[in-house]
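Visitor: Mind having a look at this structure? Questions to follow.
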Amino acid sequence: MQKYISEARLLLALAIPVILAQIAQTAMGFVDTVMAGGYSATDMAAVAIGTSIWLPAILFGHGLLLALTPVIAQLNGSGRRERIAHQVRQGFWLAGFVSVLIMLVLWNAGYIIRSMENIDPALADKAVGYLRALLWGAPGYLFFQVARNQCEGLAKTKPGMVMGFIGLLVNIPVNYIFIYGHFGMPELGGVGCGVATAAVYWVMFLAMVSYIKRARSMRDIRNEKGTAKPDPAVMKRLIQLGLPIALALFFEVTLFAVVALLVSPLGIVDVAGHQIALNFSSLMFVLPMSLAAAVTIRVGYRLGQGSTLDAQTAARTGLMVGVCMATLTAIFTVSLREQIALLYNDNPEVVTLAAHLMLLAAVYQISDSIQVIGSGILRGYKDTRSIFYITFTAYWVLGLPSGYILALTDLVVEPMGPAGFWIGFIIGLTSAAIMMMLRMRFLQRMPSAIILQRASR
């Protein structure tokens, strides 16, 4: 029992800074929306449209680079720290190549925006302008993620938290300068949010690099002198590990986007209630997601040390802590769901629907926690391909079709509206949790030699 308590303390020490970093990142998006809304409703809508395209694109690159964390954790645990610098340098090369692709996609996203039905031309122009300003921050964001993954792979999660809050503090005044045109800068409105956010990502990257160069704990990890050339073998391995994670993230983000589109014809009350419940459940999701990042680090580190039993302990502890957290957040959600909904909107119909949907959200919080921590465990074992297959099957084969049938058709029951989609979420997330656990048990029952061989690839 003592080993589980000790492991839980280590996991929470790693996870809490990740939680705070995620809060800072979420707050940046909130600040952009509020400050753009203060300028005009059109500018706020433009930022919202631009963000809906930016997020799937940049999260694809983010997911690809998440492969670095278990790789570095495993090298650190096995005492092969001299190989870490080369992996990081190749991560920077990969981030550079991916950022070019993302920038090309975002530059041409205007065709998608302008093809939207009944969109106001002025709104479309502002959304395109916002994206074309923001895309210059894509390399800065991805380079920052490489540096952050280096730190987190070495079990240093506090730097990412500090840089997140630095970014938030810089974002507010820079937003103000470019939105309203102060200190000789042009008045750009919502487009100024894109300029500010792009600049902030570069500031965060440079601040993180400055920390890494000065950190005593990383003195033995230095990038090669001069410019290291791309190493196709290392980059191929990072892509093999990272691409399934990237695709899983992409399909998860697009699932919620598709559901939002399917809900939109149902009316303002249904859309508002759905959005409130989704926004709140997304805030609660930060807790298990951050714990999953910590579990990846611990499992990778223990496998690097050659201890499959300690890796199992880290995995089980992460799941137990995650279930306890999810139980508490579910009780909190059920108890205060109406009061929470009132913070967003005071329309009685909207509040009633949002409170009902939050009840369904409370039901799936334990499943959601298990599936996301299970994903973190599998990343630690470098078993990322199964994450993609499980996520795709659970969300797009089981969750979305069942939600569609319940919400919009009378094949099973009378059309349930948004609640049908939320029952679909429960089906999808519970299926994902079950499949993640089955895969984890399958891996852990392999002979230790095979597990360690797979982890050292």
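Each Cβ is built from the backbone N, Cα and C atoms, and glycine gets one as well.
When I checked Swiss-Prot for this same protein, it listed these features:
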TOPO_DOM  1-10  topological domain 'Cytoplasmic'
TOPO_DOM  32-52  topological domain 'Periplasmic'
TOPO_DOM  74-92  topological domain 'Cytoplasmic'
TOPO_DOM  114-126  topological domain 'Periplasmic'
TOPO_DOM  148-159  topological domain 'Cytoplasmic'
TOPO_DOM  181-188  topological domain 'Periplasmic'
TOPO_DOM  210-242  topological domain 'Cytoplasmic'
TOPO_DOM  264-275  topological domain 'Periplasmic'
TOPO_DOM  297-313  topological domain 'Cytoplasmic'
TOPO_DOM  371-386  topological domain 'Cytoplasmic'
TOPO_DOM  408-417  topological domain 'Periplasmic'
TOPO_DOM  439-457  topological domain 'Cytoplasmic'
TRANSMEM  11-31  transmembrane segment
TRANSMEM  53-73  transmembrane segment
TRANSMEM  93-113  transmembrane segment
TRANSMEM  127-147  transmembrane segment
TRANSMEM  160-180  transmembrane segment
TRANSMEM  189-209  transmembrane segment
TRANSMEM  243-263  transmembrane segment
TRANSMEM  276-296  transmembrane segment
TRANSMEM  314-334  transmembrane segment
TRANSMEM  350-370  transmembrane segment
TRANSMEM  387-407  transmembrane segment
TRANSMEM  418-438  transmembrane segment
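Tell me what's around each of these sites.
Guide: A Cβ distance under 8 Å defines the sequence-distant neighbours of the topological domain 'Cytoplasmic' (1-10), meaning residues of its chain 6+ beyond its ends; these are 298, 313-314, 316-317, 320-321.
Per-residue pLDDT, averaged over the topological domain 'Periplasmic' (32-52), rounds to 79.
Through the fold, the topological domain 'Cytoplasmic' (148-159) approaches residues 14-15, 17-18, 21, 65-66, 68-73, 75-76, 84, 88, 91, 208, 211-212, 215, 217-218, 221, 293-294, 297, 300-301 of its own chain, all at least 6 residues removed from its boundaries and within a Cβ separation under 8 Å.
Note: the topological domain 'Periplasmic' (181-188) comprises 0 helix, 0 strand, 8 coil (DSSP; helix = H, G, I, strand = E, B).
Taking H, G and I as helix, E and B as strand and the rest as coil, DSSP gives the topological domain 'Cytoplasmic' (210-242) the counts 19 helix, 0 strand, 14 coil.
Among residues of the same chain six or more beyond the topological domain 'Periplasmic' (264-275), those with a C-beta under 8 A of the stretch's C-beta atoms are 341, 345, 347, 349-350, 352-354, 356-357, 417-418, 421.
Tertiary neighbourhood of the topological domain 'Cytoplasmic' (297-313): same-chain residues 3-4, 7, 10-11, 14, 69-80, 152-153, 155, 157, 376-377, 379-382, 444, 448, 451-452, 455-456, selected by CB-CB distance under 8 Å and a gap of 6+ residues from either end.
Here the topological domain 'Cytoplasmic' (371-386) has long-range neighbours at 66-67, 69-71, 73-74, 241-245, 248, 285, 288-289, 291-300, 303, 311, 314-315, 318-319, 322, 394, 429, 432-433, 436-437, 439-440, 443, 451, 454-455, 457, meaning same-chain residues at least 6 beyond its ends whose C-beta is under 8 angstroms from one of its own.
Here the topological domain 'Periplasmic' (408-417) is broken down by DSSP into helix, strand and coil counts: 1 helix, 0 strand, 9 coil.
Residues 74, 78, 237, 300, 303-304, 306, 308, 311-312, 315, 374, 377-378, 381-383, 386, 390 of the same chain sit 6 or more residues outside the topological domain 'Cytoplasmic' (439-457) yet have a Cβ under 8 Å from a Cβ within it.
Counting residues 6+ beyond its ends, the transmembrane segment (127-147) has Cβ neighbours under 8 Å at 45-47, 49-50, 53-54, 57-58, 61-62, 65, 68, 88, 91-92, 95-96, 98-99, 102-103, 106-107, 109-110, 113-114, 163, 188, 190-195, 197-202, 204-205, 208-209, 212 in the same chain.
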Visitor: Are the transmembrane segment (314-334) and the transmembrane segment (160-180) close enough to be called in contact, which here means at least 3 C-beta pairs under 8 A that are separated by 6 or more residues?
Guide: no
Visitor: With pairs closer than 6 in sequence left out, are the transmembrane segment (11-31) and the transmembrane segment (160-180) joined by 3 or more CB pairs under 8 Å?
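Guide: Yes, the stretches contact each other.
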Visitor: Would the transmembrane segment (243-263) count as touching the transmembrane segment (387-407), if touching means at least three Cβ pairs under 8 Å and pairs must be 6 or more apart in sequence?
Guide: yes
Visitor: Helix, strand, coil residue numbers for the topological domain 'Cytoplasmic' (297-313) per DSSP?
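Guide: Residue counts for the topological domain 'Cytoplasmic' (297-313) by secondary structure: 14 helix, 0 strand, 3 coil.
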Visitor: Can you work out which residues elsewhere in the same chain, 6+ from the ends of the transmembrane segment (11-31), have a Cβ less than 8 Å from its Cβ atoms?
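Guide: For the transmembrane segment (11-31), the far contacts come to 51, 152, 155, 157-158, 160-161, 163-165, 167-168, 171-172, 175, 197, 200, 283, 286-287, 289-291, 293-295, 297-298, 314, 317-318, 321.
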